[in-house]
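Reviewing the structure listed below.
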Amino acid sequence: MLLDLNRFSFSVFLKEVRLLTALALPMLLAQVAQVGIGFVDTVMAGGAGKEDLAAVALGSSAFATVYITFMGIMAALNPMIAQLYGAGKTDEVGETGRQGIWFGLFLGVFGMVLMWAAITPFRNWLTLSDYVEGTMAQYMLFTSLAMPAAMVHRALHAYASSLNRPRLIMLVSFAAFVLNVPLNYIFVYGKFGMPALGGAGCGLATMAVFWFSALALWIYIAKENFFRPFGLTAKFGKPDWAVFKQIWKIGAPIGLSYFLEASAFSFIVFLIAPFGEDYVAAQQVGISLSGILYMIPQSVGSAGTVRIGFSLGRREFSRARYISGVSLVSGWMLAVITVLSLVLFRSPLVSMYNNDPAVLSIAATVLLFAGLFQPADFTQCIASYALRGYKVTKVPMFIHAAAFWGCGLLPGYLLAYRFDMGIYGFWTALIASLTIAAIALVWCLELCSREMVRSHKAV
């Protein structure tokens with residue numbers, strides 16, 4: 001049977017589901033808090049004016065592209081630390097965590113310089129008002145200063161979650177969300193003696209929140225008794241380039257996968273633009289809701305990475321294979337709920353974004369397509385995270401590149417323009433590309449996990 005799902009009893013299945021839920025739920029809530037921070041930025045910038053909102057939209061797109069790509073690179077720490085934890089290598093867990101912080105700091109500084117360098121070309125490329133371009137530049141400058149803290153935070157995030165302590169990540173994320181509200185209010189509108197920075201104030205608030213999050217996680221880990229045996233904060237460790245090389249080897253393909261997926265969805269918006277504003281608005285509704293729902297398989301997948309890595313560290317290879325299957329089944333059950341939610345409640349969901357009749361009509365149909373691709377999207381996401389637990393990241397990268405850019409964009413363009421399917425041609429191609437990615441990744445996971453079990457039985 002696929003991934004040996006019939007190997008263990010139903011009680012073992014329920015136990016694994018409970019363990020996955022205990023890890024996934026706090027991670028999901030932490031992501032909700034992070035999305036809430038972006039929502040507050042949008043509301044506050046919109047309150048300052050449409051030009052400020054436009055500046056934040058442009059600046060945040062640049063920041064998000066760098067942040068998401070680098071976040072993928074830092075995700076290499078999850079399987080590394082989880083496997084060491086499962087193997088009982090306490091000292092190596094702490095040392096790998098320290099090297100992760102160093103790596104994150106260097107990567108963040110590189111990201112900061114990259115964003116600085118991008119400001120002038122962005123301004124030269126855009127043909128907007130001086131105010132929008134200037135506010136965007138200020139926003140990018142402030143958020144660039146957040147990059148070192150953001151990557152250190154991701155290192156600590158990976159450390160805590162890989163040691164089965166996602167609750168503290170959730171608490172820090174909600175504290176950051178709460179802090180972001182008054183900071184935005186103060187910096188955007190100029191309260192308590194501060195100058196009114198408009199949309200740029202959102203960038204300053206983002207910088208402050210990321211530095212707070214990194215510092216809060218560090219203090220929490222330093223004070224919490226559970227973490228003391230690992231010694232992350234007990235001593236100072238010099239950068240180890242051998243560990244850096246390992247992080248890069250595992251993480252670079254993950255980062256590129258994130259970039260390929262995010263850029264493909266972003267590029268489709270530009271290809272839809274000739275159909276008119278109503279179609280672009282409807283597309284944004286579909287992508288926004290799909291992005292929110294995508295947090296669910298991401299959380300299940302992250303929990304699966306930790307559980308699989310831990311089991312591999314304990315040399316429980318059959319268990320790791322079984323957990324891969326349980327993760328997928330859990331995702332499929334949740335996907336059914338999301339499909340029904342999108343199909344049955346698509347009208348009220350769309351009306352939350354826009355009340356224009358033309359947009360409502362198009363977006364309601366778009367959500368039907370979005371509902372259809374949920375099972376495939378959940379599957380490909382969780383399967384790629386499971387493979388990450390085995391430290392297999394290059395193959396998923398190639399699969400994502402072929403699926404999203406080869407099977408998604410080009411066929412989508414042909415269906416939209418040559419076969420007159422319009423916006424729905426792109427969504428049809430997305431469903432096909434996600435299905436292809438899901439099948440390929442599950443098959444890869446089946447072969448990888450089976451070979452791991454077989455090779456260690458032969459020893």
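Yeah, the Cβs are placed from backbone N, Cα and C, and that goes for glycine too.
Predicted, not measured: the structure shown is a model, and the values here were computed from it.
Taken from Swiss-Prot, the feature transmembrane segment covers 20-40 (among others), and the record attributes it to sequence analysis.
Outside the transmembrane segment (53-73) by six or more residues, the chain places 38, 41-42, 45-46, 107-108, 111, 114-115, 118, 122, 126, 128, 131-133, 135-137, 139-140, 143-144, 146-147, 150-151, 154, 198-200, 202-203, 206, 247-248, 251-252, 254-259, 262-263, 266 with a CB less than 8 A from a CB of the stretch. According to Swiss-Prot, the transmembrane segment annotation covers 53-73 (among others), on the basis of sequence analysis.
Residues or ranges marked as transmembrane segment by Swiss-Prot on the basis of sequence analysis: 100-120 (among others). Outside the transmembrane segment (100-120), and at least 6 residues removed from its termini, the chain residues within Cβ reach (under 8 Å) are 62-63, 66-67, 70, 73-74, 77, 81, 137, 140-141, 143-145, 147-156, 158-159, 237, 239-240, 243-244, 247.
Note on the transmembrane segment (132-152): residues 51-52, 54-56, 58-60, 62-63, 66-67, 70-71, 74, 101, 104-105, 107-109, 111-113, 115-116, 118-119, 122-123, 126, 197-200, 202-204, 206-207, 209-211, 213-215, 218 of its chain, located 6 or more positions outside it, place their CB under 8 angstroms from a CB of the stretch. Feature annotation from Swiss-Prot assigns transmembrane segment to 132-152 (among others); the stated evidence is sequence analysis.
Positions annotated as transmembrane segment by Swiss-Prot, on the basis of sequence analysis: 168-188 (among others).
Taken from Swiss-Prot, the feature transmembrane segment covers 202-222 (among others), and the record attributes it to sequence analysis. Remote same-chain partners of the transmembrane segment (202-222), defined as residues 6 or more beyond its termini with a Cβ less than 8 Å from a stretch Cβ, comprise 37, 41, 44-45, 56, 59-60, 63, 138-143, 145-146, 149-150, 152-153, 156-157, 159-160, 168-169, 171-173, 175-176, 179-180, 183-184, 187-188, 232-233.
Annotated transmembrane segment per Swiss-Prot: 252-272 (among others), in sequence order, evidence recorded as sequence analysis.
According to Swiss-Prot, the feature transmembrane segment maps to 285-305 (among others), an assignment based on sequence analysis.
Per Swiss-Prot, the feature transmembrane segment maps to 325-345 (among others); the stated evidence is sequence analysis.
What Swiss-Prot lists as transmembrane segment is 358-378 (among others), and the listing cites sequence analysis.
Under 8 Å from some Cβ of the transmembrane segment (395-415) lie the Cβ atoms of residues 253-254, 256-257, 260-261, 264, 267-268, 271, 380, 384, 387-388, 421, 424-430, 432-434, 436-437, 440-441, 444, all in the same chain and six or more residues away from its ends. Marked as transmembrane segment by Swiss-Prot on the basis of sequence analysis: 395-415 (among others).
Under the heading transmembrane segment, Swiss-Prot lists 423-443 (among others), citing sequence analysis as support.
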Would you mind listing the long-range same-chain contacts of the transmembrane segment (20-40), meaning Cβ under 8 Å and 6+ residues beyond its ends? 60, 161, 164, 166-167, 169-170, 172-174, 176-177, 180-181, 184, 206, 209, 292, 295-296, 298-300, 302-304, 306-307, 323, 326-327, 330
Does the transmembrane segment (285-305) come near the transmembrane segment (358-378), with 3+ Cβ pairs under 8 Å (pairs 6 or more apart)? yes
Checking 252-272, 358-378, 423-443 against the transmembrane segment (325-345) for Cβ pairs under 8 Å, the most are found for 358-378
Take the transmembrane segment (252-272) and find every residue of the same chain, 6 or more past its ends, with a Cβ under 8 Å from one of its Cβ atoms. 61, 64-65, 68-73, 75-76, 279-280, 283-284, 287, 384, 388, 393-394, 396-397, 400-401, 404-405, 408-409, 412-413, 416, 423, 426, 430
